[in-house]
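Following: one structure in structure tokens, then a few remarks.
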Amino acid sequence: MATLPRAAAAAAPSPAAALLPLPRAAPLLAGRAAARSAARRLRARGTRAPPLAAARRGWGGVSPRAVLDLPRRREAAEKPAQKAADLNEILSERGACGVGFVANLKNEPSFNIVRDALVALGCMEHRGGCGADNDSGDGSGLMSGIPWDLFNDWANKQGLAPLDRTNTGVGMVFLPQDENSMEEAKAVVAKVFTDEGLEVLGWRTVPFNVSVVGRYAKETMPNIQQIFVKVAKEDNADDIERELYICRKLIERATKSASWADELYFCSLSSRTIVYKGMLRSEILGQFYLDLQNELYKSPFAIYHRRYSTNTSPRWPLAQPMRLLGHNGEINTIQGNLNWMRSREATLQSPVWRGREHEIRPFGDPKASDSANLDSTAELLLRSGRSPAEAMMILVPEAYKNHPTLSIKYPEVIDFYDYYKGQMEAWDGPALLLFSDGRTVGACLDRNGLRPARYWRTSDDFVYVASEVGVIPMDESKVVMKGRLGPGMMITVDLQTGQVLENTEVKKSVASANPYGSWLQQSTRSIKPVNFQSSVAMDNETVLRHQQAFGYSSEDVQMVIETMASQGKEPTFCMGDDIPLAVLSQKPHMLFDYFKQRFAQVTNPAIDPLREGLVMSLEVNIGKRRNILEVGPENADQVTLSSPVLNEGELESLLNDSKLKPKVLSTYFDIRKGLDGSLDKAIKVLCDEADAAVRNGSQLLVLSDRSEALEPTRPAIPILLAVGAIHQHLIQNGLRMSASIVADTAQCFSTHQFACLIGYGASAICPYLALETCRQWRLSNKTVNLMRNGKMPTVTIEQAQRNFIKAVKSGLLKILSKMGISLLSSYCGAQIFEIYGLGQEVVDLAFCGSVSKIGGLTLDELGRETLSFWVKAFSEDTAKRLENFGFIQSRPGGEYHANNPEMSKLLHKAVREKSDNAYTVYQQHLASRPVNVLRDLLELKSDRAPIPIGKVEPATSIVERFCTGGMSLGAISRETHEAIAIAMNRIGGKSNSGEGGEDPIRWSPLADVEDGYSPTLPHLKGLQNGDTATSAIKQVASGRFGVTPTFLVNAEQIEIKIAQGAKPGEGGQLPGKKVSAYIARLRNSKPGVPLISPPPHHDIYSIEDLAQLIYDLHQINPKAKVSVKLVAEAGIGTVASGVSKGNADIIQISGHDGGTGASPISSIKHAGGPWELGLSETHQTLIQNGLRERVVLRVDGGFRSGLDVLMAAAMGADEYGFGSVAMIATGCVMARICHTNNCPVGVASQREELRARFPGVPGDLVNYFLFVAEEVRATLAQLGFEKLDDIIGRTDILKAKHVSLAKTQHIDLKYLLSSAGLPKWSSSQIRSQDVHSNGPVLDETILADPDISDAIENEKEVSKTFQIYNVDRAVCGRVAGVIAKKYGDTGFAGQLNITFTGSAGQSFGCFLTPGMNIRLVGEANDYVGKGMAGGELVVVPVEKTGFVPEDAAIVGNTCLYGATGGQVFVRGKTGERFAVRNSLGQAVVEGTGDHCCEYMTGGCVVVLGKVGRNVAAGMTGGLAYILDEDDTLVPKVNKEIVKMQRVNAPAGQMQLKGLIEAYVEKTGSEKGATILREWEAYLPLFWQLVPPSEEDSPEACAEFERVLAKQATTVQSAK
């Protein structure tokens, strides 16, 4: 085969940075190769590459690729009282990274190990982030053993005695920049050591090269020194480490009040390990720290870390590794973890501390990152006598339930986890953790396996772990083992014994240390299930009074409780939440309505609670949580509940448990002396009662508003306020671990309310009034008659209550999963909410640490709102039925809905008549509405004189900033979708395809229109020649439906939908009844088959993953801008910073009030935040971090007028999205039945007869947007501005409006009115800048080859070979884009045979088209074959290896994601989620991780080896064949949809054998060849997984021919 010069060079440059001067024997490659390599490094950072000459700066002309390509030869090593956690502070630091370690099993220190770690670090630069200067890294670092040779050399030169390795501690210290402060800090440090009896041997200034540091990092760079101390009073190694730990804690306490306290930081203080780190790019770490270039720096291991932080403000201490851990991930439950650790401070004791526990507090720091706090807790356990592996198992447990291997082979491991489940809440979230105490080095993965981790071992006794393969040059013949860490797995290297322990070996060793199983049997008890009550406990009048008093509405009962009782699931609704925020409403609201659920986006993924429930649990333990530092049977003395939702009998069981000593606290307050101050006083009394009860030994506090008879002057305290206040009070007084809180309440009936109570401290809830309402409903005459007449499914009274609780539990799992949290025990007290409308007084009392940006109600005002419900139950004219507040459905006299019938009618009149007067009436209607959104509290102002409107930019310019929302073709009809697209194209705006692809017929302008009709689009009217129905914005959503190479290359912009305003953190499902033949064709599925979109993108589990997808999309379509859609919530600014650094062109902020075709009511009402706050935070954060000019800011959510546009512009938005109102202008009548497929005007229906009623024409929407633009122009003229550019980011033109709200006058708008400055560029300049580039890429080299370009242009066949490295990402994506643009997805008749050798970077072979035959000899990272539409992709290991290919992990996670065609053959194992959302791809592999074939809708997958758990979850189409040689497959398959059967159909046998034959031919697989040789023996060992849509296919139906013949006979007979 012909080979390009790049591939032919024996020492082609490698991307590991020129981290160190190369050994003299190494060839120095300069010139073009070095420059190209430098440019490649810059593009790996996600920035536009500068001129190559500039890129070469700091490299010294040395090619880094030479490092990887040098022949490697191992040589023998030379022997020689704190406040609660505050969400604002926590959210300011989020991150992700690339990590790894190198370890020598002989424990022989070597400079080569350090060198290899730095090389690997340089090869993961693309996994890190940089600041706005493109030079200051987010952080990188290295942990190693202490380089004693280096330090003794220094000691010798200083005239000091040699350092004693057994009792010398070394501290790596960041000191204040100011010289005087530094000396003061050093004096305090030295004094603490001296006072502790340690001898300070000296200080060493760490040598560094400041010239390589970026500007931002240099400005904040500390003085970096090392301190050496002698520990004379201890001789045990662990005691020495403990003494050094105590000293560090004492130093922190001694310097706490110093002005320079935040500038003093110990990176490490140990006699075993040391950490070098900083705000540096990975490639310059070794250049900055000159020690790392010194060959005397020798260590038997090294952990390395590259950070990608969403916060770009340089903070040197937050670089990693930390003192024990290197963490790639995010802890979702951090606020709760910190609060619980604070609660433990009073009870943590251990003999090893010799009574000095009080000196090492606190154990957490809210100002530090989640990684730093996890490290701190792990270090506490380690210094208290736990091993690193045990500490990790306690803090980050695996999903041990539903784990057949553990339950059968390792029950002691399950006992260990069950024991600690009640002692330590899991630190939950995606995490790859590397750890070392200097004796053990290891790595573990979170329970969901949401970070990549590969490992390999060599014959010369080295073990490597890394986020990616290919980061270190390797002689493959020496590799004896290749593997990957799966969910919850661990690997450790014992440096003292040379043992490598893999997963269950580690855990069995730890779990066998104590008899945890017998302790559990001895002390832990469970509540036995208690039957539900079978009769009502109250009469109808009493129930009604209770419902009125506690805030129920008829909607709550009929649409929520009764639906849950009858169906066992949450009610679904549609459109968005268009009512006022609770604090702005004139109607009374329950306290729960002031809280919005937070959710995962970008930095961590949501979870699918339906298809991945095996990793989730609602179990909770009740009782005292004792001393975590000691073990024993008494710690297991608790009660286990299977869920937090109790019926009356189960609550009674808890109350009868004498060991718990339960105390019931009444939650009423007395208003006989007036309301003012009464609620505050009652809360204080309640907290005092709780305090006394716990001090007297109570382990269970039951807060109850249950009463025999309600009293008019004794209203109930809002139960959420009571729970939160007691929870916070007990934390502050060190009592929280001593008791659990249970709520016995009438105030809880929706899943959101349960979640709030649990999130603020309740362990369980008994919703007695909701259960009574279920009983009353079931026994009502209306319900009985409906069931008797068959109009409602028959349920018993017990079943109604069981259904209700089932729905609550399902809803709780969904709420947890939105945030990526798996365990209710971790969610409890984690405060995963944002508050809208409560003042600081209320927040500090009960919700301390939660974000409440706009202030709001005082305690007295909250008391008045509570009382407004209560008095209705006792007034003389009390209604005989519950009031309908109209919170869900618009109704006369109910709550105001922005999308109301009158508004729709006025807008229809204006756009259909093209009447300025009618639009003015529409404007007046909006202006006269009640306060509905935050911007209604603001008005525009100007110190300029008005100008003639003729001087203002034209409407045609303004409308170019308008976009419509991403509405999928499937959720809405084809007519609506196309009419909107045509309208937006006419005005130069942009429509959005939504999920589901696009018909290619829409990509060409119409030229056949007569009288408004076109044969091309016969279902539309009002057309014009030249119209195009394409959507300028093509959406890439989690399901990847319709995402093909041709779809992407025909996009002007590509939107990555991370979240949707109406249901953030959730996926979706298009019901089978909406999947018509047309929809199925576009989505590469079958008609009538339900199509599931996962909650997360399965290639976006972190910020660096998002950067990779952005890279992939820029790769296939370098002309399309990439936008990322986020939903407003606290912390969105830091997320947006990360998105900007990830090379996005556009960031879209969506408000909570956006529309949806279908969503649970609780999500519509209680998730996401106002776009005003989200936009302000995003704009200001980007300005502060110097990133605003990089991205266009787009905002949407409830836009209806030009005033909305102007408000958004003043807050910083460049472009503006319209969703629901665009549908209304096109014909929507707001019937709010989108989710039923029964839209009366065919806007949101796939039913042909309803679609025929569609009234809209594109011109209506054109008219609307021109009206809005003219409104903008008129207002700009009044304000004295000539163009929108002039006001963007100008918050100074906003002022608070004088509005008298019904509930409070304490709304604080300063957050919206504050300014961080203006961008350096105008909005028009930002919008018109070029698409962000990936920089030089390997695909450009491929396309530059004349043979390949000729083959593409003239459809010929060509064969080529190229070298590939892990920094070569999305390889072949650009080539595929060129082919797709020219020939479409199936039109290329040529053939490109391209072979790569080496280790491929992420997304290898993405978006392949037919005619591309790609072969990789080596290995690959994650996302192989992503989005491929055709072609062939083969991955095989190198010919000479030291491992068995079928046992080795050859490719990474999430391969074949969203494939719509082609074949993949992998000789070896793949990672998690192989073939996730595969549509039509075929594949053969030799083993997979968990979740294989998840959400698959078509195609065929063959696995010739073992698979992980949860196979075929959500699989609605396609077939899978899995070889089950050891009879272990059955419990691993998710049988909710698919059925398992042997391969009996002849067509199925032919399909299976044919694929294996092709596989063997392409890969040379010995395993495959053996199967074919012994076909008759192996065939019975295969299982076929068949979803319902494939049951009648010839491959699955053994009697297909007979059935077909019978059907033919039946048809013939009928004739």
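Cβ coordinates are placed from backbone N, Cα and C, and glycine is handled just like the others.
Residues annotated as transit peptide in Swiss-Prot, with sequence analysis given as evidence: 1-52.
Around CYS97 (active site, nucleophile), a 10 Å sphere centred on its CB holds 30 further CB atoms from the protein chains shown. In the three-state DSSP reading, CYS97 (active site, nucleophile) counts as strand. Sequence annotations record features per position, and here Swiss-Prot assigns active site, nucleophile to CYS97 based on sequence analysis.
Among the features that Swiss-Prot reports, domain 'Glutamine amidotransferase type-2' is placed at 97-496.
MET1223 (FMN binding site): 27 other CB atoms within 10 A of its CB, across all protein chains. In the three-state DSSP classification, MET1223 (FMN binding site) falls within a helix. Here Swiss-Prot flags 1175-1232 as FMN binding site, drawing on similarity to another entry.
The feature [3Fe-4S] cluster binding site is assigned by Swiss-Prot to CYS1228, CYS1234, CYS1239, with similarity to another entry given as support. Under DSSP, CYS1228 ([3Fe-4S] cluster binding site) is assigned to coil, being neither helix nor strand in the three-state scheme. The Cβ neighbour count for CYS1228 ([3Fe-4S] cluster binding site), using a 10 Å radius over every protein chain in view, is 28.
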| request: Specify the nearest of the recorded positions CYS97, CYS1228, CYS1234, CYS1239 to VAL1191 (FMN binding site), where nearness means the distance between Cα atoms. | output: CYS97
| message | Check the DSSP secondary structure of CYS1239 ([3Fe-4S] cluster binding site), expressed as helix, strand or coil. | response | coil
| field | pLDDT averaged over the residues of the domain 'Glutamine amidotransferase type-2' (97-496) | value | 94
| said: Radius 10 Å, atoms counted are CB only; among the binding-site residues ILE1183, MET1207, which position scores highest? | reply: MET1207
| task | Taking the recorded [3Fe-4S] cluster site as CYS1228, CYS1234, CYS1239, identify the other residues of that chain whose CB atom sits within 8 Å of the mean position of the site's CB atoms, giving them in sequence order. | result | CYS574, ILE972, MET1223, VAL1229, MET1230, ALA1231, ARG1232, ILE1233, VAL1241, VAL1243, ALA1244, SER1245
| Which of VAL1191, ALA1231 (the binding-site residues) has the most other Cβ atoms within 10 Å? | VAL1191
| note | Candidates LEU1175, ILE1183, MET1207, GLU1215, ALA1231 (binding-site residues) passing the 10 Å Cα cutoff around CYS1239 ([3Fe-4S] cluster binding site) are ALA1231
| Going by C-alpha distance, which of the recorded positions CYS97, CYS1228, CYS1234 is nearest to ILE1183 (FMN binding site)? | CYS97
| For GLU1215 (FMN binding site), which residues of its chain lie six or more apart in sequence with Cβ-Cβ distance below 8 Å? | ARG961, PHE962, CYS963, ILE1146, VAL1192, LEU1193, ARG1194, VAL1195, ARG1327
| Within 10 Å of the Cβ of CYS1239 ([3Fe-4S] cluster binding site), how many other Cβ atoms are there? | 28
| Nearest-integer angstrom distance between the alpha carbons (Cα) of MET1223 (FMN binding site) and CYS97 (active site, nucleophile) | 42
| Which of LEU1175, CYS1234 (the binding-site residues) has the most other Cβ atoms within 10 Å? | LEU1175
| query | Can you tell me the three-state DSSP label for ILE1183 (FMN binding site)? | reply | helix
| query | Using DSSP, would you call GLU1215 (FMN binding site) helix, strand or coil? | reply | strand
| said: Suppose we draw a 10 Å sphere around the Cβ of PHE1199 (FMN binding site). How many other Cβ atoms does it contain, all chains included? | reply: 26
